[in-house]
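Reviewing the structure listed below.
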Amino acid sequence: MLAAGRGKRAGSLQKNPKQYRLLGQKPVICHTVRCFCQHPAITTIILVIHPEDRQICEQAITDFKEHLIIVEGGNTRQISTLRGLHALKKFKPKYVHIHDGARPFIENKLLEKIHTTVNHQEGVLPVLPVSDTLKRVNSTHRVLETIPHTHLYSAQTPQCFPFERILAAHERAMQTCKKEFTDDSAIAEWFGIPMHTIPGDSHNIKITWHEDFDTAHLYLKKKMQMFPDIRTGNGYDVHSFEEGTSLILCGIKIPFHKKLKGHSDADVAFHALTDALLATQGAGDIGTHFLPSDPQWKNAPSEIFLRHALEIIKQAGGRIANVDITLIAETPKIGPYRHTMTENLMNILSLSLDRISIKATTNEKLGFIGREEGIAALATATVLYPGEIPK
């Protein structure tokens, strides 16, 4: 993702380059990064920035730091792209998207079309037909000729390529060609990589001029009026006590004169949370994926089940917004361990502290919980998925 430009054509009273200016409540680059982070097929993101922008960049992408590798670019787009490709090389990707950081409105359906079209021989280029009449003018602004726009298209990004081929193309161009290429498909054409075009998206604008911010703000406002696909799942689990020396809650070992009875480690909190996460995909419950009768799960850590649910969500392009767990028990006391439990969930879920709630209550001495025969857990999870709620 290229974000090393200075954005001088965009003009502004603000001192920051266009990719760091606010679009709504977030910088432009934040919107762009989010589009790729939400797609399950994107495994690594290299963000190429201007050497002077590291501090402002890190502030802008706080929400996505764990998803990005920052690389400093060069004096030209071509040099910056090559540095990004070199940084990506160690990950041995099969394909690579090359995208302008100032295009913040990439839709999931465009990425899907690119992924189903690209192959090991050809690159993929989203394009839009040119509709305006084109004129060639001279230095004094006199019209020289009218250019027929039949078969003329404007190129967009992301452009997708077989990684090794586009890397070789950029390296060859840097070594032997003095021509300055304006996009990566031009380098691919020069190198002999066939480019397959697909229909682009008229909303996938590149913010180049100051007026483009007005267009972007209007489109963002329209998008915010859509109904986002936000799903909530609930989970419930209960385990009885048996003789033991400790029990596991939220992955944390708690010294106690009893343990929770179960086929796995009987982590009642993780079981409830796993079911809540699975519910956002209509994916059944833990027992659907991990049969209680299967000996391989005997005494297994419940984090395995939780991470399985996380992978299902990731494959669907989901992002967890928050989780809430309520433990219902007369004993042991949960308070002394709540902070450690929360930290463990922060690491597993990659969520900040304010997006995780763990609390405990008693059952006021009523029922089996009141008789100190076991522990119950309730969990709620909110997950955001790409797209809108179907009409």
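Using the three backbone atoms N, Cα and C, a Cβ is placed for every residue, glycine included.
Going by Swiss-Prot, these are the annotated features:
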BINDING   D237, V238, H239, H263, S264, D285, I286, G287, T361, T362, N363, E364, F368, R371  4-CDP-2-C-methyl-D-erythritol 2-phosphate binding site
BINDING   D237, H239, H271  divalent metal cation binding site
REGION    1-230  region '2-C-methyl-D-erythritol 4-phosphate cytidylyltransferase'
REGION    231-391  region '2-C-methyl-D-erythritol 2,4-cyclodiphosphate synthase'
SITE      R9  site 'Transition state stabilizer'
SITE      K18  site 'Transition state stabilizer'
SITE      H149  site 'Positions MEP for the nucleophilic attack'
SITE      K206  site 'Positions MEP for the nucleophilic attack'
SITE      H263  site 'Transition state stabilizer'
SITE      T362  site 'Transition state stabilizer'
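Each residue contributes its Cα atom, and for S264 (4-CDP-2-C-methyl-D-erythritol 2-phosphate binding site) and T362 (site 'Transition state stabilizer') these two points are 25 Å apart. Among the recorded positions K18, H149, K206, H263, H271, T362, the ones whose Cα is located within 10 Å of the Cα of D237 (4-CDP-2-C-methyl-D-erythritol 2-phosphate binding site) are H271. Spatially, by CA atoms, the binding-site residues H239, H271, T361 include one closest to K18 (site 'Transition state stabilizer'), and that is H271. Here the binding-site residues are H239, H271, and the one with the most other Cβ atoms within 10 Å of its Cβ is H271. According to DSSP, T361 (4-CDP-2-C-methyl-D-erythritol 2-phosphate binding site) is assigned to a strand segment. Long-range neighbours of T362 (site 'Transition state stabilizer') (same chain, six or more residues apart, CB within less than 8 Å of its CB): I328, A329, E330, I369, G370. There are 13 other Cβ atoms within 10 Å of the Cβ belonging to F368 (4-CDP-2-C-methyl-D-erythritol 2-phosphate binding site).
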